[in-house]
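Quick look at what Swiss-Prot lists:
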SIGNAL    1-20  signal peptide
DOMAIN    47-111  domain 'Disintegrin'
DISULFID  Cys53-Cys76  disulfide bond
DISULFID  Cys67-Cys73  disulfide bond
DISULFID  Cys72-Cys97  disulfide bond
DISULFID  Cys85-Cys104  disulfide bond
Amino acid sequence: MIQVLLVIICLAVFPYQGSCIILESGNVNDYEIVYPKKLIVLPTGAMNSPHPCCDPVTCKPKKGEHCISGPCCRNCKFINSGTICKRARGDDMNDYCTGTTPDCPRNPYKD
């Protein structure tokens, strides 16, 4: 996840270049982007997650939290079982949160 974010940062910084290599140097806040014949050191704190539910070191929910995002995740907690997460369209049926996952599972009774 962090490397994906760094690739996005890298592409934003070097939009017309083919690629860059990302190196990890032990501390999550000390990543370096290595570009051919050019080295960019990211500022301290550049990798801190702006999301209140996400632990920037593990890329998982912070201690005591259930989820980071998803249709059945609100304020870092799973939404109650039975809450509609996808409304029915046409002959379709509603999909409901299970209370145990951030995803919106398909209704098992659908054709």
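Positions of Cβ are set from backbone N, Cα and C atoms, glycine also.
Sequence features, as recorded in Swiss-Prot, placed on the structure.
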{"residue": "Cys53", "record": "disulfide bond", "Cβ within 10 Å": "18"}
{"residue": "Cys67", "record": "disulfide bond", "Cβ within 10 Å": "20"}
{"residue": "Cys72", "record": "disulfide bond", "Cβ within 10 Å": "26"}
{"residue": "Cys73", "record": "disulfide bond", "Cβ within 10 Å": "21"}
{"residue": "Cys76", "record": "disulfide bond", "Cβ within 10 Å": "18"}
{"residue": "Cys85", "record": "disulfide bond", "Cβ within 10 Å": "18"}
{"residue": "Cys97", "record": "disulfide bond", "Cβ within 10 Å": "24"}
{"residue": "Cys104", "record": "disulfide bond", "Cβ within 10 Å": "18"}
Summarise the domain 'Disintegrin' (47-111) as counts of helix, strand and coil residues per DSSP.
0 helix, 13 strand, 52 coil
Cα distance (Å, whole number) from Cys73 (disulfide bond) to Cys53 (disulfide bond):
10
Select the closest residue to Cys85 (disulfide bond) from the following disulfide-bonded residues, measuring between CA atoms: Cys67, Cys76, Cys97.
Cys97
Whole-number Å distance between the CA of Cys73 (disulfide bond) and the CA of Cys97 (disulfide bond)?
9
Please tell me which one of the disulfide-bonded residues listed here (Cys67, Cys97, Cys104) sits closest to Cys76 (disulfide bond), measuring Cα to Cα?
Cys67
Can you grab the distance from Cys104 (disulfide bond) over to Cys97 (disulfide bond)? Cα atoms, rounded to a whole Å.
6
